[in-house]
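Below: the structure, in structure tokens.
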Amino acid sequence: MAELLRSLQDSQLVARFQRRCGLFPAPDEGPRENGADPTERAARVLGVEHLPAVNCKGGGAPANGLRRAAAPEAYVQKYVVKNYFYYYLFQISAALGQEVFYITFLPFTHWNIDPYLSRRLIIIWVLVMYIGQVAKDILKWPRPSSPPVVKLEKRLIAEYGMPSTHAMAATAIAFTLLISTMDRYQYPFVLGLVMAVVFSTLVCLSRLYTGMHTVLDVLGGVLITAVLIVLTYPAWTFIDRLDSASPLFPVCVIVVPFFLCYNYPVSDYYSPTRADTTTILAAGAGVTIGFWINHSFQLVSQPAEPLPVIQNIPPLTTDMFVLGLTKFAVGIVLILLVRQLVQNLSLQVLYSWFKVVTRNKEARRRLEIEVPYKFVTYTSVGICATTFVPMLHRFLGLP
């Protein structure tokens, strides 16, 4: 078993998959690597170049949340694509597992398809992503070595590898959607199952193609998600009704996620995991509070509970398509405005409170600034998406 796990974690396995799909390192990558000094070679094996350590008094961890080592920076790696079908297939598939997809797909589902489904998807997505992000910074397993692996993504290169949160999110979204619609809409179950498997498989394979994860990272992410779905499924209906459980519910929704974000596991150097985790938990908190506001004050129509009669999926017409795009465009514009306004305001308040120079972008990475401004910003975005956007739709006569 130990030998199998080591083989699944081998970077050579990822490299062979890339070569079979027509992705190769540029011919001049090898000689330059051989001519590099040992420190540079070690950095490039990790796919990053490390910055000097951050100075702090007394040799301990600085109070501002920055660690002793600054964030790694990716070097520009050249590569050769010999099969553009796989290149574009897996680049698009990788995008389906990124935050930009979920912050567009989930609101679109809420505004145009079914608020009941969007609420359940968001809750499971937040749970899965938090556990995956925390597991990365606790296990601290490295990403595949480069070389031999070609790495196509640079932003996430400072994060650890195990488990793959792209694989976790894709599996969670696909199969939660399948399970939640089985007794709600009438469609061939086999077709839904195939679509869920294809979606999650493409996202998982894209993590190998882009060189960001080992096979073990991906399989670990899928298995963790499967266990979480099985364990939480009996409580899904109870979770759906929490927004009417207690007047203290919104307080818990704010306090618990903020506490988890502020006490995120310490990393050896700065990486975007804490910021991304805060964004995800804050968005989930905002959405949940938005549903509570809707339920308490009857501002907009509530998500319908599972119906005794299974609904048919309506055919997509031109009018429905145009209406959906219009509602989506109106909603996204309002969300972007709220996001920018709240972000600027919260940063100004925090900069003033902690006496930080406004132009100091590095200050955003400090624990006492990054977590509060991210949390306030994306909690506001979540509330806006579930409460104010539907109210605006109704005001504009968009059913």
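Cβ coordinates are placed from backbone N, Cα and C, and glycine is handled just like the others.
For 119-233, the entry in TrEMBL reads domain 'Phosphatidic acid phosphatase type 2/haloperoxidase'. The average pLDDT computed for the domain 'Phosphatidic acid phosphatase type 2/haloperoxidase' (119-233) is 87.
Among the features that TrEMBL reports, transmembrane segment is placed at 85-105 (among others). Same-chain neighbours of the transmembrane segment (85-105): 21-23, 125, 152-153, 166-167, 169-170, 173, 199, 202-203, 205-207, 209-210, 276, 279-280, 283, 328, 332, counting only residues six or more beyond its ends whose CB sits under 8 Å from a CB of the stretch.
Residues annotated as transmembrane segment in TrEMBL: 117-135 (among others).
As annotated by TrEMBL, transmembrane segment applies to 156-179 (among others).
TrEMBL lists 185-206 (among others) with the feature transmembrane segment. Residues of the same chain lying 6 or more positions beyond the ends of the transmembrane segment (185-206) and with a Cβ under 8 Å from any Cβ of it are 89-91, 93-94, 96-97, 164, 166-167, 169-171, 173-175, 177-178, 218, 221-222, 310-313.
What TrEMBL records for 218-236 (among others) is transmembrane segment. Same-chain neighbours of the transmembrane segment (218-236): 8, 120, 124, 127-128, 131-132, 135, 162-168, 171-172, 175-176, 179-180, 200, 204, 207-208, counting only residues six or more beyond its ends whose CB sits under 8 Å from a CB of the stretch.
According to TrEMBL, the transmembrane segment annotation covers 248-266 (among others).
The annotation transmembrane segment is assigned in TrEMBL to 278-300 (among others).
According to TrEMBL, the feature transmembrane segment maps to 320-338 (among others).
Taken from TrEMBL, the feature transmembrane segment covers 375-396 (among others).
Long-range contacts of the transmembrane segment (375-396) within the same chain: residues 107, 110-111, 115, 254, 257-258, 261, 278-279, 281-291, 293-294, 299-301, 327, 330-331, 334-335, 338-339, 342-343, 346, each at least 6 residues beyond the stretch ends and with a Cβ under 8 Å from a Cβ of the stretch. For the transmembrane segment (248-266), the residues of the chain that approach it from at least six positions outside its boundaries are 61, 67, 130, 134, 137-138, 242, 273-274, 277-278, 281-282, 284-285, 288-289, 292, 367, 371, 374-375, 379, judged by C-beta separation under 8 angstroms. Distant neighbours of the transmembrane segment (156-179): 47-48, 71-72, 74, 94, 96-98, 102, 105, 117, 120-121, 124-125, 128-129, 131-133, 135-137, 139-144, 192-193, 195-197, 199-200, 203-204, 206-207, 212-214, 216-218, 220-222, 224-226, 228-229, 233, 269-273; these residues of the same chain sit at least 6 beyond its ends, with a Cβ under 8 Å from one of its Cβ atoms.
Look at the domain 'Phosphatidic acid phosphatase type 2/haloperoxidase' (119-233): DSSP puts its residues at 82 helix, 3 strand, 30 coil.
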